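Reviewing the structure listed below.
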Amino acid sequence: MGMDPFTLFERHINPGLAGLLRFTGLDRTESHAEGPYVWDTTGKRYLDFLGLYGTLNLGHRHPKVVAAVEAQLRRMPMSVRVLVSEPTARLAAKLAEITPEGLEMVFFGNSGAEAVEAAIKLARAYTGKPGIVTTQGGFHGKTMGALSLTPKPEYQDPAKPLLPGVKVVPYGDLEALEAALDEDTAAVIVEPIQGEGGIRVPPEGYLRGVRELTQKRGILMIADEVQTGLGRTGKLFGVDWEGVSPDLMTLAKALGGGVMPIGACVGRREVFEVFKQNPLYHSSTFGGNPLAAAAALAAIEVTLEENLPERALEVGGYLMEGLKALQGEFPHLIEDVRGRGLMLGIEFTDADIGALVVAELAERGVITAFGLNNPKVVRLEPPLIIGKEHVDEALAALSESLKATERALEGLLG
Ligand code: PMP
């Protein structure tokens with residue numbers, strides 16, 4: 001039999017995270033998954049309202065993505081790289097077609113952080129300048145370059161020194177951004193909606209403002225769509241809300257259809273010039289491998305065929321109504337509910353209340369998570385394929401969880 005996997009995780013992978021999982025009652029081992037549901041090894045079923053932070057837009061094991069990966073697995077899962085992989089080349093063309101006007105070139109990696117690393121290197125090579133401006137509460141990954149753009153002391157401090165040339169400005173503030181730009185600035189990186197930062201929606205006009213400011217100053221705009229991309233917010237891309245076309249756009253998470261890991265940095269042709277003189281300036285052995293590319297092609301097809309952005313808007317609106325009603329019922333627990341499409345956040349009046357609610361929800365078979373970046377906010381990012389019946393199921397569990405949390409707090413206060 002051997003030791004149970006949770007204990008192995010705790011001993012050999014991450015004791016700190018194991019402690020957090022134990023606190024929320026998620027000290028379980030997963031068994032299998034289908035659509036919006038996951039089962040643990042005791043047979044308990046959970047409704048997945050976290051969706052791997054915006055990865056599982058199509059739910060778990062979408063049959064069309066699985067079929068595409070199976071077919072590619074039987075043909076050629078791994079590229080030799082000195083020949084061209086057909087699914088990889090087709091995926092690049094597809095991304096050029098569906099991303100905003102002017103984005104035509106693609107670099108493939110295996111994750112969001114790698115997509116961001118590529119964006120940093122491309123921006124520096126193209127402009128010949130070192131500076132990158134990022135935002136407070138922004139999250140761009142945890143590899144050294146991406147980490148340097150993720151201003152969170154808990155993540156950054158033990159890893160210092162970071163990349164030089166990074167400036168941090170408040171999110172949503174165009175004046176502060178303008179003041180931070182100087183002759184050393186290569187690029188500005190922004191999330192259309194901050195995810196890890198606690199589902200922060202910027203003021204109307206912010207993305208357009210960033211575009212105008214950067215354009216005026218000859219600085220690149222990098223839109224980090226790792227979490228917002230591919231329908232999550234109710235449009236295919238987060239920048240579509242303001243009709244903005246950045247110079248570089250990073251994608252990952254949902255791009256692999258919830259089946260394969262893949263990351264992509266999509267950009268303007270001129271920004272990719274460096275590869276003409278210097279073909280191996282940036283590369284990754286597994287980046288955009290045929291299996292991942294086949295998954296991504298199928299994922300894009302399903303996303304468009306099933307109108308998932310529209311569906312996210314509709315089902316997300318219904319979920320938001322339910323959340324607002326619960327906020328009205330429990331104003332002492334819930335401070336704010338916000339977001340767009342199916343990228344929603346519940347801000348609790350206190351971080352511990354959020355943690356208690358997450359634990360109560362897990363008990364009732366609904367998976368969510370509080371962000372370590374902004375612990376007062378519990379994020380809801382369910383698969384975009386869910387229906388109103390799943391929302392009703394989650395809202396019923398949330399209502400019960402809020403009542404249970406209230407009882408627990410009353411008990412604590414005597
Ligand atoms: N950018 C954004 C906006 C993200 O939300 C994330 C992951 N949460 C990343 C980058 C990093 O992606 P990965 O974990 O795949 O490296």
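Just so it is clear, glycine is given a Cβ too, placed from its N, Cα and C backbone atoms.
According to TrEMBL, the pyridoxal 5'-phosphate binding site annotation covers G112, A113, F139, D224, E225, V226, Q227, T285. Other Cβ atoms within 10 Å of the Cβ of E225 (pyridoxal 5'-phosphate binding site) number 32 in total over all chains. According to its DSSP assignment, E225 (pyridoxal 5'-phosphate binding site) is coil.
If you look up TrEMBL, you'll see S284 marked as N(2)-acetyl-L-ornithine binding site. Under the DSSP three-state reduction, S284 (N(2)-acetyl-L-ornithine binding site) is assigned to coil, being neither helix nor strand.
For K253 (N6-(pyridoxal phosphate)lysine), applying a Cβ distance below 8 Å and a minimum sequence separation of six or more within one chain yields L52, Y53, G54, T55, G112, V226, Q227, G229, L230. The DSSP secondary structure for K253 (N6-(pyridoxal phosphate)lysine) is helix. Summarising the annotation, TrEMBL assigns N6-(pyridoxal phosphate)lysine to K253.
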- [ ] Please give the greatest C-alpha separation between any two of the pyridoxal 5'-phosphate-binding residues G112, A113, F139, D224, E225, V226, Q227, T285, in angstrom, as a whole number.
- [x] 25
TODO: Just name the winner among A113, V226 (the binding-site residues) by count of other CB atoms within 10 A of its CB.
DONE: V226
TODO: For F139 (pyridoxal 5'-phosphate binding site), just give me the three-state DSSP call.
DONE: coil
- [ ] Sorry to bug you, but what's the C-alpha spacing from S284 (N(2)-acetyl-L-ornithine binding site) to A113 (pyridoxal 5'-phosphate binding site), rounded to the closest Å?
- [x] 13
TODO: For S284 (N(2)-acetyl-L-ornithine binding site), write down the residues of its own chain that are at least 6 apart in sequence and whose Cβ falls under 8 Å from its Cβ; none is a fine answer.
DONE: F108, G109, N110, E114
TODO: Would you mind ranking the binding-site residues Q227, T285 by how many other Cβ atoms sit within 10 Å of each Cβ and giving me the lowest?
DONE: T285
- [ ] Quick one: of the binding-site residues A113, F139, E225, flag those whose CB is under 6 Å from ligand 1, and say none if nothing qualifies.
- [x] A113, F139
